[in-house]
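Enquirer: First, the structure itself, so that you have it in front of you.
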Amino acid sequence: MIAELEIIFYSQKGEGVGFYLNKPTYVKGVIKGEKIKAFIYLESASFFKARLVEILIESKNRNHDVPKLHYLIGGYELLHMNNTEQINFKKERVINDFKKIANYEISSLELVQGKKLLHYRNKITLHYGSLYLANSNHKIKLAKSLLTDINLKANKKEAEWIIRKLDTQIEGTKQTKIYTTDKMNGITFRVGLNSFYQVNKEVANLIYNQISEFINLNENVLDLYSGIGTISLLIAAKAKSVTGVERNLDSIEDANFNKEFNKIKNVNFIHQDVIKYLKQNKTYFDTVIVDPARRGLEEDIIELILKLKPQKIIYLSCNVGTQASNFNKFKHEYQIEFIKSYDMFPQTYHIESLMVLKKLNKQ
């Protein structure tokens, strides 16, 4: 069935949404304001899903600078939008999430971008020899990925991936543990294969510098989900002390190595589940930093942080929806002092959000 419709707004994942037979109809690769023809391939009781067939009236914000084949690949959800439209989509999404989920009005929001809008990823998982059409098992052969750093190349003949970075090296031991090393703000980080490290170094650096601005020399800081110690070690010079808590053993080993290698004395890493640590902890912390997974903070963790009563909570999130939901639980005791979004993943619908909460002065 072919439908004609006008795209009215965007879904959370950047799909265009119009209405056909009074049902919301989701179409990938279209822009708000465009009039299109689309083939409806899925019908439910409450919505349609459709595939773009023809653009009848095109938006001025459509991106024509990329080969059409790339639009079909999964992971490039916003590639058809120019940068102005991508920025507008992401800012609107953050503002709408906080309004709908937390009943909080963000009057003004900045979205920070790096210089690279393509070829910004220093790590990518690929299927050797080809990529796949979005939401399918059909393979497409492409000469390159538009998001991968141009220094990351494939040797097809020998089926090996080779990392070529002047400031990065690969290390190994007899136990075949493999690490990469990277440098940020003068601090060297060892990163194991099972440890997390941000894939867009330029934007990550902007975020960490911003976090550092909220740390004072007289503060004891608790860094939850501290990973390999990236935030803990980068803010150490600004704090009285930093305690990092992480349950992943490989990450803790990397964090302790990084602390010793960089000769940083005022940081302590603890290998423990965050909930268990907070339940046993008797130490007061002025500032708590959280950088949870996409699911956000569990309710038990929020309650334990509230009992700790830190003056500041610095919340870095890769999922604005769960960040807004968590703020809903904090807002009776804390107010938003600062919020800013970061375009960690251009050409995709993902957003990194930094929020700083300040304790309310109740009398």
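Heads up, the Cβ atoms here are built off N, Cα and C, so glycines get one too.
Because the structure is a prediction, the values reported are computed rather than measured.
Pasting the feature list from Swiss-Prot:
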- Gln198, Tyr225, Glu246, Asp291: S-adenosyl-L-methionine binding site (BINDING)
- Cys318: active site, nucleophile (ACT_SITE)
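For each listed feature, how buried is it and what is near it?
Expert: Neighbour density for Tyr225 (S-adenosyl-L-methionine binding site): within 10 A of its CB lie 21 other CB atoms from the protein chains shown. In the three-state DSSP assignment, the secondary structure recorded for Tyr225 (S-adenosyl-L-methionine binding site) is coil.
Sequence-distant neighbours of Cys318 (active site, nucleophile) (same chain, 6+ residues apart, CB-CB distance under 8 A): Ala293, Arg294, Met344, His350, Ile351, Glu352.
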Enquirer: Go through Glu246, Asp291, our binding-site residues, and report the one whose Cβ sees the most other Cβ atoms within 10 Å.
Expert: Glu246
